[in-house]
Ligand SMILES: [Zn+2]
């Protein structure tokens, strides 16, 4: 863009803005870093938005960018590029790095790095316990002051109910949620996939759904005891949904997220992939019956958030046998195609309702503010071509993690441009850094 130009105008675009509850054809003006007033000036560079959707502040509240410590899997730059390519303008990074993000200076460091990279807004999540060891509470207050938007020992569950109780107690004063990776390790130990008929046929050790749901039930009770803000990460079990229903009936401050792969795929994929660990993820892919219940739970608002749980690994690690490969799927760059496939193509949700789950709802869970596309708001938005049909090719991912069970799958719907603070970060599938 040359210096004389005033900004950008996206013309005749279908604006889907869940922050303002708007779904209509509009022209969106960008001036400097912000949404500008409509203008008759000819100094704006024009983008033809016909047949495209424009969604503000797409937010993935669960990603693993692995820096510091595991940069061979992903770092803040490669993760940010994957986020921009996937259409995201904001992400929340999980603290299971080395060292663990459990002190305010590390929270600040991640935010500074993200600002320098400038591709996506990063809202760090701090650890609940020091070193994520589950023994001693980290300084949640100081981390919140440094900008941590929530707390999690994700990667591991927080097992000690006494520490969980204390953390939930703090969450009420801080206004930041405690995000639990719900898993009872005694029940899941040694398991590599969902425990059921497929694991029996394949002879692989299983993880029962109850390994998750017993922990969700416990935490819901602790949320009741403390009045705390509990957010359940990557829900994947029928019993967890019942615990969430119970929490809702009691009026507790409990929210949850589900990952696109649990909505789109089942444990039968493990057979289809012939034991290739592309499907290995924790919690594991579930049978179709559970998948259907998760979709229904999203439709009726019981699960308010969809988050990728983007968990990249180095290819060498994922090339190991199924029992030995690490858990995790590279999810940022297939996110939109997947959720459009599940909910829009089949007509299960309208776009405005669907995009609430990746915009206004994660903002509510985390206590973040964004006014929607109003004059003066940061110009953070994504242009999506809902008709684009494309084949997933992990080699082309910007993420260092090329591991996806969707390899070779046709998806419909794709982000075609991403803007953060008035700067394009991606255009025509090309990340601009
Ligand atoms: Zn997790």
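Backbone N, Cα and C atoms are what each Cβ position is placed from, and that goes for glycine too.
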Binding-site annotation, TrEMBL, substrate: partner of 64, 65, 66, 96, 282, 327, 328 in 313, 314: 313
Which of 153, 154, 219 belongs with 62, 64, 309 in the Zn(2+) 1 site listed by TrEMBL: 154
Candidate sharing the Zn(2+) 2 site with 154, 234 (per TrEMBL), from 181, 261: 181
Among 154, 309, the one of these recorded positions whose Cβ has the fewest neighbouring Cβ atoms within 10 Å: 154
For residue 328 (substrate binding site), the number of other Cβ atoms found within 10 Å of its own Cβ: 22
Of 64, 313, 327, 328, binding-site residues neighbouring ligand 1, Cβ under 6 A: none
CB-centroid shell, 8 A cutoff, Zn(2+) 2 site 154, 181, 234, site residues removed: 62, 94, 152, 155, 157, 179, 180, 182, 183, 233, 309
Cα-Cα distance linking residue 64 (substrate binding site) and residue 234 (Zn(2+) 2 binding site), given in Å to the nearest integer: 13
Euclidean distance between Cα atoms of residue 327 (substrate binding site) and residue 181 (Zn(2+) 2 binding site), Å: 14
Entries of 96, 282, 313, 327 which, being binding-site residues, have CA atoms within 10 angstroms of residue 154 (Zn(2+) 2 binding site): 96
